[in-house]
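Taken from Swiss-Prot, the feature transit peptide applies to 1-40, supported by sequence analysis. What Swiss-Prot lists as domain 'tr-type G' is 60-240. Per Swiss-Prot, the feature GTP binding site maps to 69-76, 133-137, 187-190; the stated evidence is sequence analysis.
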């Protein structure tokens with residue numbers, strides 16, 4: 001009994017004592033994080049040996065450079081050798097490390113600008129080298145020019161067997177305009193067909209570069225490549241920048257990650273950027289919290305800071321989800337510093353100059369095609385997209401590209417990476433309509449081109465885009481090339497010999513002629529020795545009209561095209577003869593016509609199946625014979641008037657095939 005009373009007394013006193021809460025009690029919840037840390041800041045990690053070495057390098061020992069070359073002159077292979085020499089990647093077995101896309105490896109071209117950071121010890125001091133591997137083709141000129149803006153110098157690479165080509169010339173002038181220090185490099189000197197002396201002579205005559213300063217290498221075998229890195233350190237100037245000034249960051253390129261959103265490739269001109277910083281775009285006005293910063297070494301390697309002079313990557317948290325927000329050439333700065341800095345020069349929106357329509361072969365595949373196109377658009381903000389519908393081919397898309405190679409690469413990626421079965425219409429270019437009320441309209445879809453009555457009553461002028469084309473080729477093909485350019489409505493601007501046997505020819509050409517397999521015809525005229533580059537040359541007044549394909553007087557909407565008046569009849573004849581091959585015979589006569597407005601320029605007729613109505617008739621019954629034939633003729637007229645021509649989907653696919 002006494003024990004029970006003591007227990008009750010102890011419990012009562014315990015209840016009356018002040019409570020002391022444990023750290024895990026509900027009134028005082030445990031917090032496993034410090035609330036004073038910004039929500040986007042990275043957890044502090046031990047500083048790596050790589051980051052320690054980079055932090056010890058001052059900006060005067062930074063070198064940002066790129067490789068300027070024609071397509072297939074060995075840019076990506078030379079990049080591999082430089083990465084191996086600096087220990088960034090292991091030697092042996094590397095092939096085009098900076099070419100990430102399947103289509104880049106398959107075609108041997110660079111489509112997306114890539115970068116890699118290298119550490120190089122020269123005379124006992126560490127140097128931080130940033131190599132930017134740029135596209136060589138004119139279609140990707142926006143990426144090329146922004147890549148050049150992030151560099152202080154360039155290796156001007158020329159194939160020893162092919163010599164200076166059109167894109168070498170075009171990219172040289174882009175690099176020269178950016179003020180880059182150019183180092184001449186002759187590649188592929190190990191080939192039996194190599195002629196380095198001729199290549200050096202061309203570089204001296206065309207670019208006024210000293211042949212004695214050139215480095216002769218073989219990127220494939222590694223011959224003399226080790227001489228390039230000391231040349232880069234000695235000849236290419238260090239970037240200019242101040243890490244104490246407000247942040248000025250140039251967007252060089254971007255790509256999309258499923259987990260991180262849009263990742264930006266950037267060059268820091270002033271200031272520095274860290275994870276947790278609040279930055280904004282001067283072009284769009286949008287603001288973001290930085291989630292991570294780092295360098296490409298050669299993959300994404302996180303760093304605590306990117307400072308003035310460096311080239312690296314950043315992504316945001318929350319993520320940037322729309323690639324259209326990442327505009328190449330845009331300037332970023334910290335929020336609050338927008339009025340303290342000037343935007344970096346050269347920003348311009350990419351303009352689509354080649355348009356195609358894409359339709360699924362099977363109409364039920366439209367959702368898959370839409371999803372595939374949207375996924376590819378995440379990595380390419382320069383493509384324009386618009387849904388459209390055709391009575392002949394069903395639902396599809398009208399896509400705008402920078403050029404024909406850009407279009408071809410996108411089509412290859414759509415088929416290879418997403419397994420899309422598609423019908424692509426021939427490429428078209430935009431046209432400008434100037435109305436009588438002063439309004440100007442850009443037409444990118446032939447279906448929206450004004451009809452004949454509207455052209456006469458309401459339109460003042462029609463214009464089409466022209467380009468200045470630069471062609472390089474051996475002198476023996478000069479006559480053929482001039483003939484080709486003249487037949488494509490070209491106007492000669494200049495002709496010069498930059499060696500005894502090589503010619504640079506400049507022509508102004510309509511862009512519509514250029515996208516109509518002009519390069520293929522040029523290669524055929526010169527046995528593959530010619531190269532081509534071009535730049536926009538503005539709009540010109542032109543006599544253009546809409547050519548339509550009619551089947552039994554009904555327009556086929558998917559096949560209409562805007563052409564020059566001088567070519568309407570020739571193209572119309574080609575259309576009707578080709579379309580006739582793919583249309584099945586019907587029970588009635590099928591008339592295929594090509595028309596410009598009300599004017600028929602070409603015609604083909606598909607004869608109907610013939611039923612022998614005289615089979616059971618007595619040979620001598622002439623009156624009955626005539627009566628049956630007249631009746632059959634009348635029946636066919638009625639059938640033709642009310643019957644619809646059945647055109648198989650595969651007929652359009654075959655007709656539109658290249």
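Numbers run from 1 along the shown chain.
Placement of Cβ uses the backbone N, Cα and C atoms for every residue, glycine included.
Mapped onto this structure are the features recorded in Swiss-Prot.
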residue : record           : DSSP class
69      : GTP binding site : coil
75      : GTP binding site : helix
134     : GTP binding site : coil
189     : GTP binding site : coil
Across all protein chains shown, the binding-site residues 72, 75, 134, 189 give the max Cβ-within-10 Å count at 134
Cβ neighbours of residue 69 (GTP binding site) where a neighbour is any other Cβ within 10 Å: 27
